[in-house]
Amino acid sequence: MLLPSSLSRNAALRTLRALSSSPRASPTPISIKVAPALQSFIDTKVLPGTGCTPDQFWTGLDGIVQDLLPRNQQLLEQRDAIQSQIDSWHKSKTGETQLDFLRRIGYLQPSPGAFEIETARVGDEIARVAGPQLVCPVDKSRFLLNAANARWGSLLDAFYGTNAVLPAPQPGPYDPARGVQVFEMAHKFLDETFPFAAGRWSEVTNLSIADGALVAKVAGAEKSAPLRLAAPDQLVGYGTRAGEKWSILLRKNGLHCEIVIDGKEKGVGRATLAGIVDVRLESALTTICDFEDSACTVDVDDKVAAYSNWLGLMNRTLSCEFPGKNGTTVNRTLNPRLAFHQPKHWPSKDASSDDFSMSAQVLLLARNVGMHKYTDMVTTEAGAPVPEHFVDAMVTAACALHDVRVRREAGDVRNSVEGSVYIVKPKMHGPEEVGLAVDLFAAVEKALGMPPLTMKMGIMDEERRTSVNLASAMQAARQRLVFINTGFLDRLLRTKGAQIAAGASTAWVPSPTAATLHALHYLQTSVASVQGTMATAHKSEGVTPALFLADLITPPLMTSSEREALTPVIIQKELDNNVQSLLGYVVRWVGQGVGCSKVPDLEGVQLMEDRATLRISSQHIANWRHHGVVSDEQVLEAFHRIAHLVDEQNASDPTYKAFAPRFDGPEWHAALELVFSGTTAPNGYTEPTLTKFRQQRKALDASSEGSRPNLVNSKILKRGGSSIEIAPVPSGALPQSTRS
């Protein structure tokens, strides 16, 4: 990241204040140095109107660095020490059991016993209702707005535009036959989820409300009693929409379904006998705005742009323009709330005091970076980088002041009705690191003048030392904890429902359309009911905490018979799949700054990839190389061969930077380093390598000559008679912003 100029942060503050016509107090002396771009953004964009002054902000961050930096470093060193002890234990093969060993070194900590989560002021989207969760890179404003507005989605569009209805859709004009299939599935969904006491939705010719209840008429049954819902309390309201359209609002398992009806009595526009033109589901309830695995921010300019997007969400000013259909321009902003009437007011369209509105956007959370990542956009007095999550916590919380303080006091639409700020913490190893995050949040609240416990914490359960000590980690954050998440992205209609059957109150989806399809599972299954029976079910099945623990600490190693079953064909296929996934992702991350994208696999199937999947692919190859399953020659051959395929798959992208024929750019060297230095990368994290080579690519692109800078400290790997250069580090002043 860019280092600050010789003008210190204190001097810059004094200069700004000197320009003011009104006298102000001198700034509090601080020791940290701040990149001018970050300082300007905070002082002029984030803080005005919040009640928090620049002096208050920077003094607070300075105090956090002074107080918590040594502890952050000590915990990272503890990771290395524990890993070294584990390596030694496996090599020594002593008689000590693994369980006893892990307890002795402090890896496995005593269970804390029974306790309660004490978190207060949590939104219903997390505390009471189960539903899908999106994760979106915070550095892409268009995707971010799509994700923020994904609270509602058209089930008809989701069916028509995906392979949820087989065969998969084909390009071209509207297919009436497919449209019939879609409505058949929609009617089936309504029959199963909101059934009538008798009759089917496909038979309905007219819908209305009488005496606060839904009434449906059926063709040919004018003299018969109208149909009514089997569960009348599923009707919660009705709404008026554009033109002559109106809607019925139903609810099951806390999620809502809006049936949109065309009010015309006649006309070809009536898609069904009842005039139903859309079925809209409450879809994503929450979205994680991701500064971590799906984002690409390698310097202060990248980071300020990402912070700016988060600020735009918090003060509701974020917008973006993009080309629409027929030469139009689309301007996207955050959705306004949806208005509904109480059923008892039917057919009035006038607002009443007891009518209500519903949010048309998700509850937004921010995922900060992990504690292992350091940044030089803020440095110590000696010029050393500081943990980036310190800066993330301060900036994301300060931006949220516009939501929890400014907009709350004005009575405006806001993200958190309860006045909370939701921060997701990734890649924490054990309860002590969770404790650091808890203390960091408290320090941020104090610095910004927030009420205690405003900042809520979501814990990513993705590191084994946290998983085996999960109860202790939860206890450490018991006053702030809002969720535990493992981040699985299973295939939707085939296996995604299994997560709900296992008691998961949320699961990740890759798009708003996927959220709408996944909402079907939450409408079908009551997560609250599943959770209520889990303890009894586990007991009857003989499942105990000891069994869970034994499974967690057992390495997923191949048996000798499994190793023998690995034929050359199987090995090559597995290697090729991982190489293709790695190259397809790295070339966009390093070359184009794309942190999360659909990467076509060997068969051309688009798969969502981010740094988490890259970590798996790179470590898989590094592991097989370390154990002799594949050779260096075999890996390099696969890299060169599949690089041509990746180039072909991206040939239509004018900004794409191809691997071939030189195999010598930052993208190529990054991919090689991830594998050939994979066994020494701390925890297999990919950020150091990606950041280093993305910085190099940006320097190359900014250079008027466009020549490749000198590469030093390169490791040389022999391939036949030639040498392959890997793990290069740019010479000169491109600082690493992550701890190695």
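First residue shown is number 1, and so on along the chain.
The backbone N, Cα and C atoms fix where each Cβ goes, glycine too.
Bear in mind that TrEMBL entries carry predicted annotations, made automatically and left uncurated.
Annotated domain 'Malate synthase N-terminal' per TrEMBL: 40-95, in sequence order.
The feature domain 'Malate synthase G alpha-beta insertion' is assigned by TrEMBL to 174-252.
The domain 'Malate synthase TIM barrel' feature in TrEMBL is assigned to 364-492. In terms of DSSP helix, strand and coil, the domain 'Malate synthase TIM barrel' (364-492) has 53 helix, 29 strand, 47 coil.
The Cβ of ARG367 (active site, proton acceptor) lies under 8 Å from the Cβ of VAL135, ILE288, CYS289, ASP290, PHE291, GLU292, ILE423, VAL424, LYS425, PRO426, GLY458, MET460, each on the same chain and at least six residues away in sequence. Per TrEMBL, active site, proton acceptor is recorded for ARG367.
Computed over the domain 'Malate synthase C-terminal' (570-670), the whole-number mean pLDDT of the model equals 95. Among the features that TrEMBL reports, domain 'Malate synthase C-terminal' is placed at 570-670.
With a cut-off of 8 Å between CB atoms and residues at least 6 apart in sequence, the same chain places ASP293, SER294, TYR585, GLY595, CYS596 near ASP610 (active site, proton donor), listed in sequence order. Taken from TrEMBL, the feature active site, proton donor applies to ASP610.
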DSSP residue counts for the domain 'Malate synthase G alpha-beta insertion' (174-252), split into helix, strand and coil
24 helix, 30 strand, 25 coil
Taking DSSP states H, G and I as helix and E and B as strand, how many residues of the domain 'Malate synthase N-terminal' (40-95) are helix, strand and coil?
46 helix, 0 strand, 10 coil
Could you give me three numbers for the domain 'Malate synthase C-terminal' (570-670), the DSSP helix, strand and coil residue counts?
62 helix, 8 strand, 31 coil
